[in-house]
Amino acid sequence: MTHKNERQKILLVASLIFGMFFGAGNLIFPIQLGQLAGSNWLPATLGFLITGTLVPFLAMLAIGVTSSKGIYDIAKPVAPWFATAFLILVHLTLGPFFATPRTAATAYSMGISQLIGTQYQSLGMFVFSLCFFVLAYLATVHRTNLTHWIGKYLNPIFLILIGTVLVITFTLPMGNLNQPVQAAYKNAAFFQGFLDGYNTMDGLGLLAFAVTIVYAVKGLGFADHHLPKTLAKAGLISIIAEAILYTGLVLMGVMSLGQLAIYPNGGETFAAIITHYTGSFGNILTSIVITLAVFTTAMGIISSFAQDLHRVLPKVSYVNWLRVTSIGSFITANAGLTNIVSWAVPVLMFLYPLVLTLILLSLTAKYFNHSALVYRITIAAVILPAIMDALTHLPLTQSSSMTQLTTTYYAIFPLANHGLGWVVPCLIGFVLAIMIQKLTNPIVTKDGSITG
């Protein structure tokens, strides 16, 4: 492989990664953050970029250095049963429960719904989501077509469209950056932005997409020993592009306050911005942009879901797993965008601490001899605060006993009031586990079982 050819293939892989990630959540949440953070947009954006770009990049490195194929391999050192349960939970979150149905629901609510009368909204959503997931299923039945579809066609078209929108908004700004700050961003904008990055699900997505990305890299002719370096290069290019677009979308949201009110979600804000500049034509343009953005993400998620679940439960074929997630996502999508987003938050508050901890352990595993003991103690230290973070973010009215439990949790765990009560237990558990491992020095096999 020539140097020029290698560079072109790395760019193609980077485009594949970007196309999988930059979907519904990536488009609507930065805009919403901009509207809510106002003049505090900078610290909020920095927090958002950590979970939205740095964490996925670190996950990419973790996949490379551990030669893992995905979620199961990353979590297996804790225990095989944990890895299986974690894989299923992550894929249900990214698949038929939240992320995948959110793609269709977002595309419909931000675009197509604007063109359909109120009395036909339910029918319109049904028909749109049916067509959406049938096409996504057909595009992913043959795995070899994935790089071709996303990298060469859908992603460049989307970039041109979203780039045009950004150029217009910065050339003819709707307002300045000195805008009102909403309550959640007044005193803890960085932490709120950090948590907002969870909603993109990119940290989860990278681990889920890993099997698809590795498959694509090998299909382009890269040898196994070149995999870590290739993933690092392609991942870096992808997250730089994402960071630039994230920042542009945040600024778009801030400046929109010069002409618009605060909308319930970034999707409606984006549609209003487009309409402000283009009039009725904006609805059509919005439909095209959003549908392209979310369709690439849906393709990646359902493909990875099928590949990983087929690997763990091989009695069910890849194609049948594709059918399961496509049908499940279609059903959930018809529950509506608001319900999908609100119920995803507590699940993400539980999963993200585990994902971040596993990434930390994977990147540092060689320094503690890949000890399963270190993995188990550190994960155990994170479980309780992760559960509490999830419970405190349930979209339900809390009982008096739950309110008391939340108050106690906030008082005992540092950073808990910022949604990061797991951080200190994670670090303490990690350090103590390494100390115990050094003292006991058990012999650990590569699959994570303790033999000594």
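Placed from the backbone N, Cα and C atoms, the Cβ positions cover glycine too.
What TrEMBL records for this protein:
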| type | residues | note |
| --- | --- | --- |
| TRANSMEM | 12-29 | transmembrane segment |
| TRANSMEM | 41-66 | transmembrane segment |
| TRANSMEM | 78-99 | transmembrane segment |
| TRANSMEM | 119-141 | transmembrane segment |
| TRANSMEM | 153-172 | transmembrane segment |
| TRANSMEM | 204-223 | transmembrane segment |
| TRANSMEM | 243-264 | transmembrane segment |
| TRANSMEM | 284-306 | transmembrane segment |
| TRANSMEM | 318-337 | transmembrane segment |
| TRANSMEM | 343-361 | transmembrane segment |
| TRANSMEM | 373-391 | transmembrane segment |
| TRANSMEM | 411-436 | transmembrane segment |
Original post:
Residues sitting near the transmembrane segment (153-172): Cβ under 8 Å, six or more positions beyond its termini, same chain?
Top reply: 15-16, 18-19, 22, 27, 245, 248-249, 251-252, 255, 273-274, 277, 285, 288-289, 292-293, 295-296
Original post:
the transmembrane segment (284-306) and the transmembrane segment (318-337): do they have three or more Cβ pairs under 8 Å, with pairs 6 or more apart in sequence?
Top reply: yes
**OP:** May I ask whether the transmembrane segment (284-306) has at least three C-beta pairs under 8 Å with the transmembrane segment (78-99), counting pairs 6 or more apart in sequence?
**Re:** yes
Subject >> Contact yes or no, the transmembrane segment (243-264) and the transmembrane segment (41-66), 3+ Cβ pairs under 8 Å, gap 6+ >> reply: yes
Original post:
What residues in the same chain, six or more past the boundaries of the transmembrane segment (204-223), come closer than 8 Å to it by Cβ-Cβ distance?
Top reply: 1, 9, 12-13, 16-17, 20-21, 56, 59-60, 63, 68-71, 74, 90-91, 93-94, 99, 143-144, 146-147, 230-231, 234, 300-301, 303-305, 307-308, 311, 348, 351-352, 355
